[in-house]
Each structure stands twice: as C-alpha cells, then as structure tokens.
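Following: one structure in structure tokens, then a few remarks.
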C-alpha cells in the first residue's frame, strides 16, 4: 500500500470528528449563536460514549448517550446565553471548560483502557478498485456522517425550516415580527450543535481512536470552530475543509514514514497551513462573505 | 455560654476550622517523624505508562517503611507556574522528599531545593544538580537495543518503524539503539521514524502507526507514548509492537514483542534510605541495567530460540559493561563516522546525541 492509497482510505475517517462537530456548530451559528464550548461538549461526548461502549459493548447506545450528553451540556449554555442573555463568548468558554473537567472526572478510573472499534462496511466492487478503493470501505458512522452533511446542506438550502433558521440568524427582530419563536429556534439549533459535538467526541473515543485518555480531544473542537468560519458558513465548504484537513494530516505522517526530507515540525503544521490557505482563498470573495456571513452572530437578542 | 448559629458565628467557626485543617497535616508530620513523599506527574495516572512506572517505583518504598512514609501522588499537573505553586504547597504541608516527574518542573523544583535545605528532590530527565537536587534518567537505549534485535528477527520485510514524540536526544538515542540492535541480527534492517511532535495525542499516534504499517513496516516501536494508542492499533493491524516504561502486553495479546521497562524502585529505595540517614547527596543519576532500573519485560514467545540466546548474551554484556550499546564503529545516517572503531560513546555524548545512525531512513528534523 503506498502513501496515496493510505491517505485516500483514511481521510474520511480522519475528517469525521471535525466534520460532525463543525456541522452542528454551523447550524448553531446560522441561527445566530456562537457556541465556543464545542471542545468541552466533544470531551463529554467522548467519555460518555467510551463508558457505555466499555460497559455495554454497543456503539449505538454509546453514540446515543454521547449525543444526549452533548445536547444536555449545550442546553446549559443555551440557558445562559439565550434565557439569561449572558455574553455568548464568555458563556461558551465557561461551558467548554466545565465539559473538559467533567470529562476528566468521569473518565478518571478508565485512563488508557481500550475498546473495540467499528467494522468497515464496504461497497462491493467499488471498494476493490486499486488506489481509490479504500474510499469505499468505511465504518457506519462515516456513511451516516456523509448522509448528515447532505441532509443539512439540503435542509438549509431548499427547505422552509432552513430559511427560517437563516432568517433568525440574519435578523431576529424581523423573524420575530413574522411570528417565528426566535429564542426557541435558537435553543433547538444550539442543542443540535451539542448533539453533533457529542457524536463527534463519541467517534473520536470509540471508533477512530478506541481508547480513553484524558484530554484526547486535543483541540479538535477548536479546529471545528475555525473550519465553520473559514468555510464562510457553507455546508459544502465545511465538508471540503474537514476532509482536506484530514487528508493533509494523514499525508504529512505518510511523508515522514516514507522518509521525505522535510522538517517534521513544518510537516506537522501543514494541515493548518493548507486548510487556512485554501479556505482563505475561496472565502476572499468579499461579496460572497457578505452574502453568507451571519449578521446577528454572537449578538445578544432581546425580544 | 450558649452559642447561636447566626451568620457571623457561622463564618467565624468555619474559618477557624479551615485554618485548623490547613495547619494540621504539617504539625502532625513534624511531630511523629513521618516522611512525606510527594510525586508530581505531568499526565493523568493510568494503568500503564511513564507516570505509572514512577508511581510503581514507590510501592516497595511504602512496603519497606510502612507508617514511616506517607506517599502523595499529584497527577496531571501542567508544567509551569501551576506546578511550582503545587510543589511549593506540598513542601509547605510537610513533604520532605519531592519527586518532580517531568523535565519541565526543573526550575520550580530547583528553587524549592535551594530554599529548603532539608528537602531532598529527585527530578526526572533533567541536567541541573544541586546539593539536595538529583536529576535522574533511565538508559532506555539499553532496552531498546535488545528490542531491536528481536524486532529484526521477527520482521519479514526488514522494515521497522517507530512512532516518536519529540526529536530530543533521549528519544533519538532510543531509536538509534533500536536500529543498531536490529542490524546486529539483520544488517540490512531499516527504521522509519514518524515524529508526532506531541507528548500526548492518541489519535495522531494511531494515525502515525497506521502510516508506517501502510508503507511496509511490520514491527513498530512505540517511543514514549503514555497510552496504549500505538500498541492497540498494531495488535489490530497484525504488526509486532514494543514500547517503553511499562508493559502493555494486556493491550496486544498476540503481537507484543516486549517492553523496555524502567523499574525505579531500587533507585527510590536507595534515595529514601539516604534521606533518612541524612546522606542524601545531589548527583547525576543515569540508571541502566547495571543498576537494575532498566530491564526488558514480557518477551514475545515468537522470538526464535537462537536469537533469544544472542539477546541474553548481549544483555549480560550491557549489564556488566563489557559490551556497551554505543561501541564503535558506528556510521552516521549520511555514512560519515559517528563513533570510531574501538571507542565507545561517553555518557555526556549519549545524553546529547543529535544524529541518527545509518539505517534510519527518515532524516532528523533540525
């Protein structure tokens, strides 16, 4: 197996923690709420999923509970930011730190335990093509993640629900005067974000790296957050950015293993550099940024 | 007098109780002559890994001294001001024997040693020495050399790989010894390196191991990972795997090659004894097989008997000092002379090693 095959086969799985978290955050931000607590929600999702898989052995239950835990934590955030109208940045950071603390607490006695991952589900015949075949052999969560990307893209673009969410993020007062319950819609979007962050954490701790170690999310929540901004709040670009990031981070490891004569610190920073460059270039179109940017993002809304 | 629990009284009482609680341990320690031993660790304490090896090293101390010592382990302490504060507090609370379990604690721990002449400090993997401050490190390379011999014997492709944390001399030395050991069995053996550039990122460590396996490496050396990330993925991918510090055989039932383990207990026992006798003296403790600190555990049953004989012979040679690991001639990666024939590297050269031996295929980051 050469480096290209390795990268192609692994990049979707590598992208999944970023993609799932970023999709959730995308929806929350589209409704006008900036949730900086993603990292903590991923950490809580990760530990809850790990504990359930460790004790009950089923990933389905693990993901379900992880999603619920993420959503529960985001509910606390939403209550602070939407009902009490606290500053979204401060509330998000606080909830994020709380999440990381909770995760360390719950996982205390499971440090460096391992569980079984998920089997790969292959598309017959497609997965046997040389070099690119690995792309068509992925675990169930990757397939569901792709489906979720498509669904969210379509929902935001073509459905009335998507239009309402965008309107709430764009101009909450106008949305309210049309009779839409702004706060309730924002609550649901934030909780959807928490749910997805919980899934992302569950994927990281029970499928991608099926072991528990405190702090294993290691900043992936922040990368997901940055992806949403760099992708100018567009679903397709979030997907593209996440996969690009996953692919480059695998490619730099493959390059090192293959003995490429490049500084490893430089190689390690490549995923960040490439993602920022590529997404920066495509989002340098000011008109596009203005069209896609969320006007009321991060602003406290008082009806 | 009747005391009423009003707000003012309540505050006064609780404050007094808090003060009493704060002072109590220090007073108790001073009175009954118990030695407080505090171990400070940079990462969470798991079942395996660097922190576990240090913590286990204190078990025989507890067994030997019983009630005369009180061991406290503080884990997951970030290097920097936070660590300084926590170490200072533990000394203020009565600990007279401090083990600073990470390189980054050096400056804070050294200051504590200078301020408190009656406190003995051991510092992991540092280089500063003071009258009551001893840096200690294990000669991991002695173990990884033997693991390299076993790795070459079990590799079909002759390509070995290592997932390594940071390109610092301690880790470079381990890789070089691993490579030299492999070449002692198969002169054509090669070692590819992936630097993770992180002490702790399980996901990236697993990706690195997968990248190595994808390129044909069939034995992987997990160099300084504190979690079984690499060991776990190797078992699942069918590649042999070995690691440092403490055995992870439980995570790789069929593919575990062995562990270059450190048993700190002989050293800790000796130093605690010295503290009790008042003879603790700061020195540079570089501990290997001769001191029974470095040892290889859990050898795989798949290693052929004739290779195992060679390994045991070399182990005896390293322990006695007759056959040191870095004995010349050793060629550098680019083919130039690293160690001349008939010479052996000195300790100060080993701890500062910043070049790879021939056979390591990945260039060293500069």
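Backbone N, Cα and C define each Cβ position, glycine as well.
Sequence annotations record features per position, and here TrEMBL assigns transmembrane segment to A:6-28 (among others).
Annotation comment: TrEMBL describes A:40-57 (among others) as transmembrane segment. Distant neighbours of the transmembrane segment (A:40-57): 17, 21, 63, 65-67, 69-70, 73-74, 95-100, 102-104, 106-107, 110, 113, 115-116, 193-194, 197-202, 204-206, 210, 212, 215-217, 220-221, 224; these residues of the same chain sit at least 6 beyond its ends, with a Cβ under 8 Å from one of its Cβ atoms.
Among the features that TrEMBL reports, transmembrane segment is placed at A:63-82 (among others). Sequence-distant contacts of the transmembrane segment (A:63-82) (same chain, at least 6 residues past either end, Cβ-Cβ under 8 Å): 33, 35, 37, 40-42, 44-46, 48-49, 52, 88, 91-92, 94-95, 98-99, 102, 141, 183, 186-187, 190-199, 201-203, 206, 300-301.
Taken from TrEMBL, the feature transmembrane segment applies to A:89-107 (among others).
Residues or ranges marked as transmembrane segment by TrEMBL: A:140-158 (among others).
Residues 16-21, 23-25, 27-28, 30-33, 35, 38, 41-50, 62-63, 66-75, 77-78, 81-83, 141, 148, 164-165, 167-168, 172, 211-212, 216-217, 220-221, 224, 301, 303 of the same chain lie 6 or more positions beyond the ends of the transmembrane segment (A:178-205) yet place their CB under 8 Å from a CB of it. Annotated transmembrane segment per TrEMBL: A:178-205 (among others), in sequence order.
Under 8 Å from some Cβ of the transmembrane segment (A:211-231) lie the Cβ atoms of residues 17-19, 21-22, 25-26, 29, 36, 38-43, 46-47, 50, 54, 96, 100, 103-104, 107-108, 110-115, 197, 200-201, 204-205, 237-238, 240-242, 245, 275-276, 279-280, 283, all in the same chain and six or more residues away from its ends. The transmembrane segment feature in TrEMBL is assigned to A:211-231 (among others).
Cβ atoms under 8 Å from those of the transmembrane segment (A:238-258) belong to residues 3, 6-7, 10-16, 18-19, 22-23, 26, 149, 153, 223-224, 227-228, 230-231, 264, 267-268, 270-271, 274-275, 278-279 of the same chain, restricted to positions at least 6 beyond its ends. The transmembrane segment feature in TrEMBL is assigned to A:238-258 (among others).
Positions annotated as transmembrane segment by TrEMBL: A:264-282 (among others). Non-local neighbours of the transmembrane segment (A:264-282) in the same chain are 227, 230-231, 237, 241, 244-245, 248-249, 251-252, 255-256; each lies 6+ residues outside the stretch with a CB under 8 Å from one of its CB atoms.
Among residues of the same chain six or more beyond the transmembrane segment (A:140-158), those with a C-beta under 8 A of the stretch's C-beta atoms are 12-13, 16, 19-20, 23, 26-27, 30, 63, 118, 121, 165-166, 196, 199, 203, 207, 235-236, 238-239.
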